[in-house]
Amino acid sequence: MKLVFPKQMKEIDRRTIEEFGIPSLLLMENAATALEHEIIPFSPHKVLLLCGSGNNGGDAYAAGRKLLARGIEVSALRIGMPSTREARFNYKLFKNFGGKVYGFKALTEKIKCFIKKHDLVLDGLFGVGFKGMLSAEIIDLIEYLNALSIFKIAVDIPSGINGINGTVNPVAFKADTTVTFGAAKPGHYFFPGHSFTGLLKIAKIGFPEKLFETSNIELVDDKLAKAFLPERIPWGHKGTFGKVCIVGGSSKYTGAALLAALGSIRIGAGMVYTFTPKETQRVVRNSLPEVISIASKSAILTSEDLETLHALIDDIDTLVVGTGIGRADETVEFVKKLLSSEKVKSLKAVIIDADALYAVSKVPEIIMGRENFLLTPHPGEFSRLTRKAVEEIVNNIDAVKSFAREMETRLILKGAVSIIANESGNIWLNNTGNTGLAKAGSGDLLSGTIAGLVAQGLSPLEALIFGSYFMGKAAELAQEYEATLSASMIADNYGKVFEYLKTL
Ligand SMILES: NC(=O)C1=CN([C@@H]2O[C@H](COP(=O)(O)OP(=O)(O)OC[C@H]3O[C@@H](n4cnc5c(N)ncnc54)[C@H](O)[C@@H]3O)[C@@H](O)[C@H]2O)[C@@H](O)CC1
Ligand SMILES: Nc1ncnc2c1ncn2[C@@H]1O[C@H](COP(=O)(O)OP(=O)(O)O)[C@@H](O)[C@H]1O
Ligand SMILES: [K+]
């Protein structure tokens, strides 16, 4: 599903008006009709509008007027006089229809009593034009409203959420339902904004659909995911479904390569190898007899292992490098040499994860323009790659996009909502999953899952998008309470995701 940034929405708004000749008042009227349809099923007796000075307030006045026309009692708290032509027009109509308007300056006891008389609140304080911070008086108002059990509907986006990245500064209107116009905005999905959005409804209010095609941000939804489902040819053999090798493990991290291998197996790869130090090999052998495990020469991975690994590459499709390998100088050197070698060019994909990203951060140029490379950093690893603070990059679509463009690469910045970008600057957001994934091991499972998908024929980018959707969905479909989940339990639920996608 296409998403749009607030700035793109304004541009779509402008083009609809200027190029297609739809009057802006008609768009506002359509927005008001969508809000009216959302409100009517609640059969409210007394509706309160919160109206800012922009068009978000204009939408609320217009919706309020439609409710007045139906005989519902509606009042407005006005935070600033209407400042746009459309808002002024609808403010006037609202008053013509008998709507009462009260100016708001600060939250007094009198205003609190007044608010409590209503059974539905419509938030038209700020929409996509919101920038910066809420003022102290509005914070008081919103916090007071959030604590009341009155039903709350937000116009376009709950006031206080930044539509670009979902930050709230410091609070936002806590909506039960949000009715947004044209397309959802990233801020509806990123946390903490998502927690304030409630049920999100997208109202098509007359923008030509083709204008949304210009947007290069997409939410990975069931429909998109289903299109990537790998085919299982009934007469397929293990070679048909591809071969993966996980290069990982160290004496400290013996489970990481195992979990990555598990991801590849459970997603359907035909053959899975691990290339690990001996200690890790023992763990893999004991837990996953399906895996062909090969041991490195010494207790850590070093450049001495390159010859064996290069020979193995002739037999496989996809490589995962980095899960649990540690950061010893010799291992960093091994990763640099492996990734720079001609040999890895023959692979369908090289998934660079965990400590291999540490090695890459020393010499980022080695990944530049390498078409089969995929990077799977979490914020800490991405911070090291970009030399930017973690706070600066979390939920920062632009940072991920710039990195992908500059390095001519494709990557996923993992998080509660993961950001995927390719070298052309296209973006996908994946919001499947839950806190059951916020546990060591799930990153390893993901890299193996992605590799297993490439082995089965998905392009590296498709595997990145589908793999992250898939693992998240497996966590969602698990019967167990999310706190009790672990990476291997999530892998046990992969079958449920396949079944779920087949029913769509
Ligand atoms: N395609 C569209 O974009 C459409 C937009 N409509 C509505 O119009 C809204 C956008 O309207 P506007 O661009 O007028 O903007 P908004 O109404 O979202 O808010 C902008 C107003 O708030 C003020 N403001 C912004 N940040 C502030 C802060 N931190 N503290 C105090 N004041 C602040 C601005 O100075 C401006 O007066 C949309 O969200 C939607 O509700 C609808 O009428 C339908 C069509
Ligand atoms: N709260 C959450 N909701 C949804 N997905 C999450 C959440 N927390 C983490 N994840 C997902 O779990 C995985 C964690 O990866 P990572 O941080 O690399 O873990 P590890 O340290 O185990 O390798 C990522 O795919 C991330 O998107
Ligand atoms: K709003």
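Indices start at 1 and increase along the chain as displayed.
Each Cβ is built from the backbone N, Cα and C atoms, and glycine gets one as well.
In TrEMBL, annotation is done automatically, which means it is predicted and not curated.
Per TrEMBL, domain 'YjeF N-terminal' is recorded for 9-213.
Within 10 Å of the Cβ of V128 ((6S)-NADPHX binding site) there are 26 other Cβ atoms, across all protein chains. The (6S)-NADPHX binding site annotation in TrEMBL covers 55-59, 127-133, D156, A256, G324, H378, D444.
Cβ contacts within 10 Å of N56 (K(+) binding site), excluding its own Cβ and spanning all protein chains shown: 26. According to DSSP, N56 (K(+) binding site) sits within a helical segment. For N56, D123, S159, the entry in TrEMBL reads K(+) binding site.
Residues or ranges marked as domain 'YjeF C-terminal' by TrEMBL: 221-501.
Sequence-distant neighbours of A416 (AMP binding site): residues of the same chain at least 6 apart with a C-beta under 8 Å from its C-beta are F191, N431, G433, A438. The AMP binding site annotation in TrEMBL covers K414, G415, A416, V417, S418, G443.
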Measuring Cβ to any atom of ligand 1 with a strict under-6 Å cutoff, which of the binding-site residues N55, H378, S418 qualify?
N55
Of the binding-site residues listed here (G58, V128, K131, S159, H378), which is spatially closest to K414 (AMP binding site) when Cα positions are compared?
H378
Does any of G58, D156, G443 have a Cβ within less than 6 Å of an atom of ligand 2? These are the binding-site residues; tell me which, or none.
G443
What mean pLDDT does the predicted model reach across the domain 'YjeF N-terminal' (9-213)?
97
Distance between S418 (AMP binding site) and G58 ((6S)-NADPHX binding site) at the Cα atoms, whole Å?
34
Pairwise Cα distance for H378 ((6S)-NADPHX binding site)/G415 (AMP binding site) [Å, integer]:
7
